[in-house]
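Report on the following structure.
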Amino acid sequence: MDTSDQYYRAIKKIKEASDSSNKAYLTSSKLANMLGLSQQSASRIIIDLEKLGYITRTVSKRGQLLTITEKGLDLLYTEFAELSRILSIKSNIVMTGIVVPGMGEGKYYISRKQYIIQFQEKLGIIPYLGTLNIKVDPSSIPELRKLRGFTGIHIEGFRTEDRTFGSVKAFRCKTNGVPSFLIMPERTVYTDVVEIISDKYLRNELNLKDGDEVTIEVTA
């Protein structure tokens, strides 16, 4: 078994032992028993997982507290997405959130010609030059984590003379029932705000203002 498989199995066992906040009091000996490894090997894996940012570790009178980070959870959800792809299982992801103001960055990025050409070719739309920003409700964060694990529709990044624009993945969705696309960087950014694009100005189309609740339905 290679190291990456050991890391995945260890995070899975920590998750199984954890509470709803992804925290578990686990000694290296107990984790060793769960993994069928030596105590020394389990201790090394815990140290490695912490160094790689998959978990955080604190020691108190109660013992060693292991907390799975967003990066660690992503490892689990990516495996879920891969199995879903192999088994041809479609995931219906429903998230709720509220409309929040943007910083103008969406318009800047969406208006790049290299992106627009790909949106037209791969998504079949020329998008309105701006994004609808939705702050995902805490109750929907597990669904957002699940979505991050899927590959979506690949939008290639590119370079200009003065900067690099990263690759993006897009997912067909419905925003309050209106066909649209949820986009996110392929390089994971841990945020609870998602961006929606459409060929329509969604704020006008859906009569939305900041603070209004929105439901996003994605088929991944």
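For all residues, glycine too, the Cβ spot is worked out from N, Cα and C.
What Swiss-Prot says about this protein:
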BINDING   Gly102, Met103, Gly104, Glu105, Gly106, Lys107, Lys200, Tyr201, Leu202, Arg203  CDP binding site
BINDING   Thr131, Asn133  Mg(2+) binding site
BINDING   Thr188, Glu195  FMN binding site
REGION    1-92  region 'H-T-H motif-like'
REGION    93-220  region 'Riboflavin kinase'
DSSP-assigned states of the region 'H-T-H motif-like' (1-92) in counts, ordered helix, strand, coil: 53 helix, 16 strand, 23 coil
Helix, strand and coil counts within the region 'Riboflavin kinase' (93-220) (DSSP): 32 helix, 48 strand, 48 coil
Rounded Cα-Cα span from Thr131 (Mg(2+) binding site) to Gly106 (CDP binding site), Å: 5
Between Gly104 (CDP binding site) and Thr131 (Mg(2+) binding site), the C-alpha gap once rounded to whole angstrom: 9
Cβ-based isolation winner (fewest other Cβ atoms within 10 Å) among the binding-site residues Thr131, Asn133, Thr188: Thr188
Sparsest-packed of the listed binding-site residues (Gly102, Gly104, Gly106) - C-beta count within 10 angstroms: Gly104
Cβ-Cβ distance under 8 Å to Leu202 (CDP binding site), same chain, at least six residues away: Tyr128, Leu132, Thr175, Val178, Ser180, Ile196, Leu208
Gly102 (CDP binding site) and Asn133 (Mg(2+) binding site), Cα-Cα, nearest whole angstrom: 6
Number of Cβ atoms other than its own within 10 Å, given for Glu195 (FMN binding site): 21
Mean predicted confidence [pLDDT] for the region 'Riboflavin kinase' (93-220): 94
